[in-house]
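Asker: Pasting the relevant annotations from TrEMBL:
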ACT_SITE  157  active site, proton donor/acceptor
BINDING   114  substrate 1 binding site
BINDING   132, 134, 207  Zn(2+) binding site
BINDING   282, 284, 477  Mg(2+) binding site
BINDING   417, 418, 451  substrate 2 binding site
DOMAIN    31-234  domain 'Class II aldolase/adducin N-terminal'
REGION    1-242  region 'Methylthioribulose-1-phosphate dehydratase'
REGION    279-518  region 'Enolase-phosphatase E1'
């Protein structure tokens, strides 16, 4: 009897699945993909059969993660596609429906080569749609600085069209290297998605871009904004204007060949008397007292984590924070990290989930862990504190004058801290000396890499457009960071400030007690 009952259940489930596959939601998704491909063809994004798009077939009765996937085929004239040309896949990527072959000269149907990459965005980011464009802007944007691992831009209105970004924020899009076959990009794309939790796109050098969003409208809107911003960067490059800094001043000559430099446009960094083009600053113990971080910032985050999670629990931003914390805690539990406790599933009682999150975050803060999931959440809690004026950024008295001097002399100044980029911007944007971000060109955090690893500084040097790492001055209070930066070729100075840890004897580095000594 039990077997018969189970059989009827399986039969009912199969009938429901078949109804979904043949239903209105999938039909509309097929037509939508065909329509969008025709539109994108007109934009120059999918010419020559290149590019692709995929969307979830919206069924309100199913969670987004379980909805069927409609995907355009490979090697097809995108402007001539119709709904019947689409593939339909299950939520885990299995092909459920394939198009019928068309007569010569059409090629036999083939699911897009982008499918494995699309699935990474669906599974890792909970996307509702993914767009792969071959737009020329996306290719050229990756060629402006051939060694860069990121595209960076700030202070452009269209940045507001990218999820989680505002006008003053720095847009950072990871760049991965192209391969002969598209499916070979899968691992590097997944690594970029994991390393850049705020990113909604990944550029492929000399190839194109993958953009994802919660829905097809969100993905399309962001794709249009990305293409606009890349086009703007290319045009600014041609005019000798730097798109990566708030003031959009004259471009550093290292970012473009001399043949396109106009003699009438002064070169900001080249005009400096110093041989250094860039300064990279640590925060804690270098620009800011350690006591401010340990006695003010950390306690504020610890004391307000429950309040923050409770009041913002249903927001997309906090959902993303919780998702990252879950991933970290699962790894911590496997590795036996002390203080880690299991987090109940999302459908569990809200207070149970929050209590588990609070316990883990408090343990992470107590251990002073330099992990992205913690730093991102702390940044969001601190943002509330700065907006309510409960917090104010603290810097040493010599810092503002040094920043102004470096800025005036054409030196570009960046921050590299274990705190999130958002936390860095909040600290320097809300000081007793006013908003100091006007003197800063960019921010690096642990998404670039561990601060005690040489590779992290190599990545920074590749992003700053210098001819040599020796043109970068790094100032820190941590001996291990100084060693790593020196190994990458940086010039290094160690900051001696009240409360800093003692240095090893005969450490071999120049030290200063004030930026005025530089």
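Every residue, even glycine, has its Cβ placed from backbone N, Cα and C.
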Asker: Can you tell me how far the Cα of residue 207 (Zn(2+) binding site) sits from the Cα of residue 284 (Mg(2+) binding site), in Å?
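Answerer: That comes out at 40 Å between the alpha carbons.
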Asker: Once near-sequence residues are set aside, which residues in the chain of residue 284 (Mg(2+) binding site), 6 or more away, have Cβ atoms under 8 Å from its Cβ?
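Answerer: Sequence-distant Cβ neighbours: 290, 293, 417, 418, 419, 477.
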Asker: Using a 10 Å cut-off between Cα atoms, which of these recorded positions sit near residue 114 (substrate 1 binding site): 134, 157, 282, 451?
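Answerer: Of everything listed, nothing lies within 10 Å of residue 114 (substrate 1 binding site) (Cα to Cα).
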Asker: With an 8 Å cut-off on Cβ distance to the 132, 134, 207 Cβ center, who else from the chain surrounds the Zn(2+) site?
Answerer: 50, 51, 133, 135, 138, 204, 208, 209, 210
Asker: For substrate 2, what surrounds 417, 418, 451 with a Cβ no more than 8 Å from their Cβ centroid?
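Answerer: Checked against the 8 Å cutoff, the neighbours are 282, 283, 284, 370, 416, 419, 445, 446, 481.
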Asker: For the recorded positions 157, 477, which Cβ has the most other Cβ atoms within 10 Å, all shown protein chains included?
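Answerer: For the recorded positions 157, 477, the Cβ with the most other Cβ atoms within 10 Å is 477.
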Asker: Would you pick out, from the binding-site residues 132, 134, 207, 451, the residue whose Cβ has the largest number of other Cβ atoms within 10 Å?
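Answerer: Going through 132, 134, 207, 451 one by one, the largest Cβ count within 10 Å is at 132.
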Asker: Please give the substrate 2 site's span as the largest CA-CA distance among 417, 418, 451, to the nearest whole angstrom.
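Answerer: With 417, 418, 451 as the binding residues for substrate 2, the largest Cα distance is 8 Å.
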Asker: Counting every protein chain present, what is the number of Cβ atoms, excluding its own, within 10 Å of the Cβ of residue 418 (substrate 2 binding site)?
Answerer: 23
